[in-house]
């Protein structure tokens with residue numbers, strides 16, 4: 001590798017930058033470019049029918065501005081625009097956006113594609129970066145600026161031929177991120193001089209990181225510099241269009257909003273040229289996780305992610321931020337333990353505050369059952385969580401510790417994730433809940449003189465004992481019968497589910513001589529469960 005081949009992108013000096021001190025308090029104006037920027041990055045571009053399916057999904061999610069394509073680029077793009085308009089598929093509160101280069105015949109064709117539309121954004125652009133000026137177009141700064149001005153005039157002129165529609169004009173200095181910021185301001189100012197926008201009738205100035213060429217903080221500097229040096233800033237909506245070449249498209253967009261941008265263009269799940277466009281899902285959920293309404297309905301990824309995958313033929317990574325299959329799953333034992341404890345303490349009326357889970361998975365229609373999965377990396381908490389969530393077994397800590405090696409052995413033998421059923425079956429087998437070593441035929445329990453008096457019939461034999469409670473009375477009965485002392489170290493019991501027909505489960509931890517044993521039993525009532533659990537340890 002030869003790093004000396006490269007030079008850093010020059011960005012403006014901004015010693016008094018204000019964006020680091022700002023906080024986001026509301027969602028930006030969203031503009032989906034899935035149907036254009038996303039589509040042009042596909043090896044097999046979408047058909048009209050696929051575009052219509054994606055269009056319906058974008059509308060359902062709540063986008064109010066949707067770039068539908070480059071109608072002058074191909075007949076398919078043109079036909080798609082016509083179908084949306086002629087079949088009345090565009091809701092009254094949704095504005096379509098179209099892309100066009102600053103060339104007259106393309107602009108004319110674009111307006112033909114939009115004839116009869118209620119409202120639309122006409123997005124005209126030309127490149128302004130140094131490398132494009134000098135090596136691609138071989139044009140001077142003055143030439144490029146003149147191209148932008150002429151394009152703006154054509155956009156305005158052809159709009160006047162279609163007064164039945166409401167038009168919004170948008171201009172992009174393509175490769176803004178690699179353009180001298182002063183020059184980008186100069187060109188955009190010249191475009192505004194043509195359009196003469198007002199605070200009540202604003203134009204859109206879109207600032208693309210067509211190729212991400214610097215760190216997010218420096219791109220934010222470019223955006224803040226641009227905004228603070230633009231005349232009539234109140235007459236322009238400042239839009240951001242970032243790409244992910246350095247892996248920072250979302251961060252760059254987020255910091256640009258702090259720098260004063262109003263609007264963000266991107267795609268769902270980040271599909272786009274090279275490494276992709278800015279992922280609107282990630283940015284929207286970032287806002288959501290801080291208590292800001294993203295104004296997009298992303299609550300059921302299992303319904304809309306498959307649509308994106310179907311039309312793009314791109315699978316979503318299991319670790320994709322917020323919506324990947326594995327992002328709310330913990331395998332690490334310490335993580336599982338922290339999650340389990342936090343979920344036990346989390347109250348419905350309190351702000352969400354759970355370790356390792358930045359949002360409540362239920363907000364994205366994910367179940368708690370899928371959060372913790374047991375494998376060889378899991379500790380006692382993972383198995384305990386699964387047994388609690390799936391089978392209503394609230395294991396005491398001493399049962400968790402005792403069962404953990406069993407779960408570990410199963411996971412190592414399985415060589416991967418242990419299914420919930422495998423874990424439950426192992427629990428039943430390990431604590432012999434599938435076998436009755438002692439049959440409880442009957443019992444009588446009474447209280448006299450501050451003591452519990454127990455008469456219990458086991459395998460046809462009657463035992464009697466007394467004590468401070470049921471368990472101590474049974475231990476006394478056992479000692480009277482065998483001469484062996486049994487000490488109850490701990491115990492726990494609970495109903496297996498809500499309702500009058502619920503069974504009970506009891507856990508007892510006992511010591512006989514130097515041996516400690518755990519007994520567990522399920523029964524129709526708590527006392528029966530406690531007796532059978534203790535019997536399972538002393539027989």
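For all residues, glycine too, the Cβ spot is worked out from N, Cα and C.
Per Swiss-Prot, the features are:
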DOMAIN    28-302  domain 'Pyruvate carboxyltransferase'
BINDING   37, 241, 243, 277  Mg(2+) binding site
REGION    434-539  region 'Regulatory domain'
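Neighbour list (residue 37 (Mg(2+) binding site), Cβ cut-off 8 Å, at least 6 residues apart, same chain): 67, 265, 267, 272, 273, 277. Within 10 Å of the Cβ of residue 243 (Mg(2+) binding site) there are 25 other Cβ atoms, across all protein chains.
Mapped onto DSSP helix, strand and coil, the region 'Regulatory domain' (434-539) counts 26 helix, 51 strand, 29 coil.
Neighbour list (residue 241 (Mg(2+) binding site), Cβ cut-off 8 Å, at least 6 residues apart, same chain): 33, 172, 206, 207, 208, 209, 210, 264, 265, 266, 277, 278. Model confidence over the domain 'Pyruvate carboxyltransferase' (28-302) stands at 97, taken as the mean pLDDT rounded to a whole number. Every protein chain shown contributes to the tally, and the Cβ of residue 277 (Mg(2+) binding site) ends up with 27 other Cβ atoms within 10 Å. Report note: the Mg(2+) site is defined by 37, 241, 243, 277, and the residues of the same chain whose CB lies within 8 Å of the CB centroid of those residues, excluding them, are 33, 208, 209, 210, 242, 249, 265, 266, 267, 272, 273, 276, 278.
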